[in-house]
Amino acid sequence: MPLNSDLHSETQRLPRIGEKAPFFKGQSTQGEITLDDYKNDWVILFAHPADFTPVCTSEFVALQNQYSEFQDLGVKLVGLSVDSLASHVAWLNSIEESFDVQIEFPLISDANKVISETYGMLAPESNNTESSRAVFIIDDDAVVRAMIYYPMTTGRNIDELLRVTRAMKTSDETGDNTPANWKKGDNLLAAPPETLEDAKKRMKDSNYDYKNCYYCEKDDEQSSKKFYNPFLYNN
């Protein structure tokens, strides 16, 4: 059916994990910024539905309160909504006055919705008049590594944004995986063996807490420091 074809085509235009992040350029509370400004940096591009709203305000305060943790992790923050730049400036000033918190990261005004449409950030709940509560984690090669969407009513968990970013960077550094609820310092999981010989070797390898050939825990500090990133490829 033509309708299904249109929907499929629209879906395919949205960014996907493992693909290059679409280029963006916009005016922000810190001047014009583009994706190219973040070459060699990890960046979290996140959208919020509207300025001067309670959930969004709580998120910005929480992000700023943990801003130093993102800096220590080598991650830049970039906010976005379809509100005007004047609205952004007034809102951030209001946050500083009400909460004694000065927002240090840029907030893009996407009033023409170009970035929101490119990244699939417009919220169906608002008939596409507002940006959704979306998060895109982009690595230092401008590859989309994670996407998270939250409902309009629910604020984001800042600890989880830090956790998932730290987990991906750890996997890149070690070649290992991170289990459920992993946090820094917890054991890692060895990637599944690729050959029968590798599977048998694991039974005798003292570096592993061996459960079976496909589930082997490794101490974070003892994990091999080989570099492996399945998302690093030329598009």
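Just so you know, glycine gets a Cβ as well, placed from its N, Cα and C.
The C-beta environment of Cys56 (active site, cysteine sulfenic acid (-SOH) intermediate), restricted to residues of the same chain at least 6 apart in sequence and closer than 8 Å, consists of His48, Pro49, Ala50, Ser81. Cys56 (active site, cysteine sulfenic acid (-SOH) intermediate) carries a helical DSSP state (H, G or I). Taken from TrEMBL, the feature active site, cysteine sulfenic acid (-SOH) intermediate covers Cys56 (among others).
Residues annotated as active site, cysteine sulfenic acid (-SOH) intermediate in TrEMBL: Cys56 (among others).
Arg133 (substrate binding site) falls within a strand segment according to DSSP. Every protein chain shown contributes to the tally, and the Cβ of Arg133 (substrate binding site) ends up with 23 other Cβ atoms within 10 Å. If you look up TrEMBL, you'll see Arg133 marked as substrate binding site.
Per-residue pLDDT, averaged across the domain 'Thioredoxin' (15-170), gives 95. The feature domain 'Thioredoxin' is assigned by TrEMBL to 15-170.
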